[in-house]
Amino acid sequence: MDQSSSPSQPESQAQPNLCIPCSLGTCLIHFHEFSSSSFMDPVSLFCSSPYPNLPPHSRSSSLESKKPSVASQDVKSDGTLPIGTNNNPLIPSHSQESSHWTIRHESMPSALAGSSAQSMQQFPSITQNEENFRFKKSFTQPQPIVKETTFPKSEPGQEHAKLSDLSYEEFLKKYSSTKVERVSEAAPPPSSLNSSTVLDENDSLISQGSSVDDQTDFLGFDDSLSYAYILNPTSDSDVDLIRQYFIPKEGTYTFSNMHIRYVSANPKTPVMYMVDPAYEPHKQIARYEKLQQIFQVVEATVSPEVGERLIGLYFRYIHRVYPVIHGERFLLAFKKAKHKLSPILLTAMYASSIIYWDADKELRNYPRLDAKKLWDLTEDFLDLSFSLSRLSTLQAAIIFLTGRPWINVAGNWSILTRAIALAQILGFHLDCSEWQIPKEEKILRNRVWWALFVNEKWLSMYIGINASIRQDDYLVPPLTDNQLLAGEQRIADSFNVFVKMAELSILLQNVLQHLFNARAVMTMSKNRRTVAQKISKYLISLEEFSCSCNLRENQPGSLSLFLQIDALELLLRKTALKLKLTDAVYQQEMLNVVQRCVSHFLAINESHFTDFFWPYSQFYFCILSSAIIKMYLDFEFNENFNATTFGLLSSFTKHCVWLKFRNFDLVFMAYKRLNALLIELSSGRPLIGKLLQETFEHRKRNLDETLT
């Protein structure tokens with residue numbers, strides 16, 4: 001580990017104990033070891049004496065790794081777990097009998113709650129026996145699940161290529177192009193599924209001699225049932241009292257099974273985290289059992305070979321523009337210790353990659369997985385996981401929100417609001433630049449927050465719900481294009497798209513907050529001059545932002561970014577036209593904007609199908625289709641504009657149908673809505689009727705059939 005990035009040791013620390021919060025992903029005593037060596041879940045908040053009721057001499061000196069399963073009936077009637085027994089997931093057993101200390105289902109992800117050897121070297125008072133202790137979870141054997149799909153196997157004498165062909169840098173270089181290959185006719189199943197998606201064992205990006213335990217976090221069904229959260233000035237725990245009388249600067253304090261860690265470098269604005277024990281552990285145990293069952297379904301659905309290809313697609317098309325995980329750490333774990341990855345995160349990555357299935361020549365010959373089923377499983381995972389503080393839960397939620405296709409808008413909003421609440425509980429809305437945590441963790445925390453911010457603003461705009469993040473609710477500094485992690489130099493251009501999307505979302509926040517909050521909408525017609533001034537100011541800012549986007553035409557994610565710029569300008573122009581602000585000027589400007597938007601829409605072709613698109617584009621296409629139809633109806637009897645507006649409508653409709661029949665999912669909603677509206681407008685309008693006949697393959701007015 002890079003010692004230069006490691007924070008200093010706390011001056012005072014509790015008696016050395018094995019670290020349950022490390023398993024939780026909320027360790028702040030070992031945060032220098034935990035966060036810099038594991039970025040699957042670097043919440044890195046807290047760790048102190050996890051066994052306050054256990055004498056130091058009674059800790060086992062010979063147990064080496066495995067822990068018995070815990071059943072719900074082991075919980076006492078008062079909701080606590082027995083201390084000093086092998087059934088308490090928070091207390092290590094003292095028994096030397098190890099006959100029942102076995103992992104009953106080796107394929108299930110397990111979690112280690114002990115610290116790595118590297119961290120123990122930094123705490124010399126901990127004995128070597130304690131250093132060797134590993135605290136693993138065991139689950140009862142689940143019922144076997146029959147796989148729903150059968151995948152081709154390798155021929156005898158041939159082996160699957162493992163995920164060790166390329167380094168992270170080489171992988172990004174190899175897949176720097178996003179050019180799509182057209183789907184060919186069905187070919188016979190391949191004899192082997194070649195893969196080149198993860199790090200080489202001698203990758204220079206990984207510190208020499210590092211083990212998997214040094215480089216990965218132990219996620220998933222970990223043993224800790226504690227809750228981590230940040231203390232605020234209005235919290236029931238008095239921050240000033242704790243800081244002044246119970247805990248030194250950058251120190252720790254433990255009382256009544258609760259652990260506090262002080263991380264603020266500025267005593268005037270203290271920042272502390274607390275970890276409370278679970279008050280209803282029997283419910284958490286039941287939750288873990290349900291999570292286990294869900295992941296068994298995932299493993300039965302996604303074979304290891306197909307899973308490798310899907311992860312390759314994720315890093316090839318999504319991670320480049322949307323880097324919300326630590327790619328290097330994840331790929332290393334995927335290669336060496338896949339069972340230690342977060343099941344919820346892995347499932348979300350699988351589901352989000354299916355949209356690019358046809359871009360992989362090998363996957364074309366395999367039965368296509370049901371994306372909806374994997375998204376449903378991800379949603380089930382999230383529903384069960386939001387009650388525990390995990391960064392992997394946040395990352396999975398963020399990936400879920402950008403997944404395609406969207407099916408349940410209300411469900412997505414529910415996931416989004418819970419993810420925002422969890423991020424605020426864990427302090428992701430605060431400026432961590434002065435915190436005593438590694439630089440890489442600071443970068444990742446900022447990325448996660450801005451990814452949530454982007455999703456919240458655009459979803460709020462498109463579905464018309466008031467934003468839940470206000471301008472005064474966060475202190476996170478803006479993203480910059482130089483905030484790259486190890487091995488990400490080759491995706492710097494694509495990362496700039498993410499930076500620009502966050503910047504555009506800040507502008508959108510101002511528009512929504514000042515023009516479209518509930519009170520402003522109700523009084524808009526009474527304050528037309530003020531509204532006109534605000535719209536003019538925002539249009540100037542949007543033009544300046546657009547000019548600052550020095551992006552290549554074929555840069556991954558750039559087309560989707562420009563579509564969102566068009567969407568925001570269209571919103572502002574529509575609002576001005578609705579208020580009849582100098583009609584002639586705004587009508588002409590509105591027509592110019594629609595022409596430019598249609599021009600960008602017509603530029604979408606098959607080479608863009610594997611580009612990264614924000615899923616909100618589907619709402620924008622619907623808004624654009626409605627704007628074109630309204631403009632045509634407004635100018636239906638205007639000789640100067642009638643031909644122009646009908647030409648726009650005809651071009652948009654034909655291209656929308658063309659994209660739909662090539663399975664470009666982002667136009668499905670616009671296709672259905674456009675078809676329904678044109679059917680309703682075709683009566684008495686020969687031009688519309690002819691357009692409908694030429695572009696759509698049916699002429700029935702039965703709306704139910706047109707929407708199938």
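Placement of Cβ uses the backbone N, Cα and C atoms for every residue, glycine included.
Of all ranges given (180-200, 264-284, 537-557), Swiss-Prot attaches the label region 'Disordered' to 180-200. In Swiss-Prot, the feature DNA-binding region is placed on 24-53, out of the ranges 24-53, 354-383, 414-443, 504-533.
Mean model confidence of the DNA-binding region (24-53) amounts to 34 (pLDDT, 0 to 100 scale).
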